[in-house]
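**Student:** Sharing a structure, written as structure tokens. Questions coming.
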């Protein structure tokens, strides 16, 4: 035994070949946490002193090779100064550099995901052999940072500037064959043959069949491209990367490119220093704080979903009531994850529409090469369309997805309750109707919950699981388990008008309506909010949702929260709806819609909208600075999020933030409404509320904000 630790061991195999194995005790995956970094440095010390080692393989005892750095440690680490972060990273890099410089060949045997620091560990080896089931990549830019353990330095020298920039800037991991084509790995083999293949490579190095020292040397020197070739590579990459990610919103790719431009002409050790300085700069951006926080929130939400699922019944078959686009989307989602599902409607044309939706979605996957035609047929066979309830006796859970009308929903739920087994869970896919109210029609209200999918079902990850007054833990558990089984991220919320997401969204629409009443141009508001980071502004969003849906939802919300969601004027949204402008669904809303070459609706300006809005705009029109537009819309949005926490509609800031990002597209780089308030500072946010309180209750600071500001608290821990 060369080294024995609880994170890494080094043992001798045969013929002078050592096996350095990552094996984090009591952990599901290997990662570069503080203890692993410490032990890695100790391993390097031991290897430098060993005189009987001729070669070495790097392996993992886990299903994952190495998942990367321990992101939970980033929060504290990134609170350090930029200079301290740089020194911290350089210190870690010292062990990587010394490992690379060891006087014998090293081969990484990549059995599973090698991400971030895991990929960087493989790059300090001369050769990399990969299981055909593994993935490899440098996803750090998705956290607002970029590789800091030599990843930008070695990748540019191993796979070239253009390939390295694409790998780093997109953050997308590569499958084995793609990694092989890129030159990121040297061979791919079946998982069972991996260790033997790695040992064989080491033996070829030892016998001088392979020039491993030349492979190492190319990572120690500047990139072998002349200035013109470098300029072409960087300019091409910048054009592609900046077209996909606005550097003002997501600065990490731009900072990575800047660091690489500086270090491509430097030897390794100097280049590592440049990388470390750039990494430290990225780590201190608010976007890194938000995106690291978002990752941790995502982990928490998934952990809470597991906890909520503990009392779940087995789900062997589901059913959806109501076909059409929504029902078909739900059926597709279940079937694509291996769950048989019955799709029931009273009209055969709706069943055709639902099956057509599922077929269309699967057909697109076939076209992209994601699945085979045979797999498509197998998936479709899991969906059973029917006009009657004959097969419902053994169904474990029924999702009601009929028209958004409380009387229709109550009647349908009452009917199906009498036809299913006693422990069958009933779930209503409603966006605004009270679950407690719908439950009044049922004999077994404890078996009833809300299950709010977002449209389009196949693309929107969030599902709100709504607890009514009488919903049992078993019902909640089973519904959460179903959502997870369907590949969705469930967030459990308590019952109220609009639940969580729509309750927060409608004050945002209300703030937008008030801006228009006072003279703002809806197209300009859209541009401002898109620049702020939203995928679409409020006018475009309500067009996509449907103005009819918006008006109906606003009526429900006004009844539930008349103090802040019942305006004393007719707004632009309602007026356009009354003039039969429904948005994309009938081609005219705030914008006019024309089909592009791909058959997708494209928005264009429509003078008729401005004519109609003259009747809902004040005669003494105001002009608004862009920041005022942002402040007014975001105050209404964030205040209602905080009120949902106050009212225990949602349990944690993490769940609230993730729901707003996944459900309505809150800018991820801002971390969610709670983190947005934290980054603004509670005192500054409170002052902004007081500045705009004259506009109405929606703009007044919730008591929770006042209490937190007085106590010097934040939504997220600062240490």
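Cβ coordinates come from backbone N, Cα and C, glycine included.
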**Student:** Can you pick which of 326, 355 Swiss-Prot lists for the same NAD(+) site as 345, 402, 403, 404, 409, 431, 455?
**Tutor:** 326
**Student:** Run through the Cβ atoms and count how many others sit within 10 Å of the one on residue 326 (NAD(+) binding site).
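**Tutor:** Looking across every protein chain shown, the total is 20.
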**Student:** Given the recorded positions 120, 140, 298, 452, state which is nearest to residue 345 (NAD(+) binding site) when distance is taken between Cα atoms.
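**Tutor:** Comparing Cα positions, the candidate nearest residue 345 (NAD(+) binding site) turns out to be 452.
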**Student:** A 10 Å Cβ contact count, applied to the binding-site residues 402, 403: which residue has the minimum?
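**Tutor:** If we count Cβ atoms within 10 Å for the binding-site residues 402, 403, the smallest count is at 403.
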**Student:** Could you find out if DSSP has residue 140 (site 'Important for catalytic activity') as helix, strand or coil?
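**Tutor:** Assignment for residue 140 (site 'Important for catalytic activity') reads helix.
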**Student:** Taking only same-chain residues 6+ apart in sequence, whose CB is under 8 Å from that of residue 452 (active site, for 3-hydroxyacyl-CoA dehydrogenase activity), what do you get?
**Tutor:** 429, 430, 431, 463, 464, 465, 466, 499, 501
**Student:** Restricting the comparison to the recorded positions 120, 402, 502, which residue's C-alpha is spatially nearest the C-alpha of residue 140 (site 'Important for catalytic activity')?
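**Tutor:** Nearest by Cα distance to residue 140 (site 'Important for catalytic activity'): 120.
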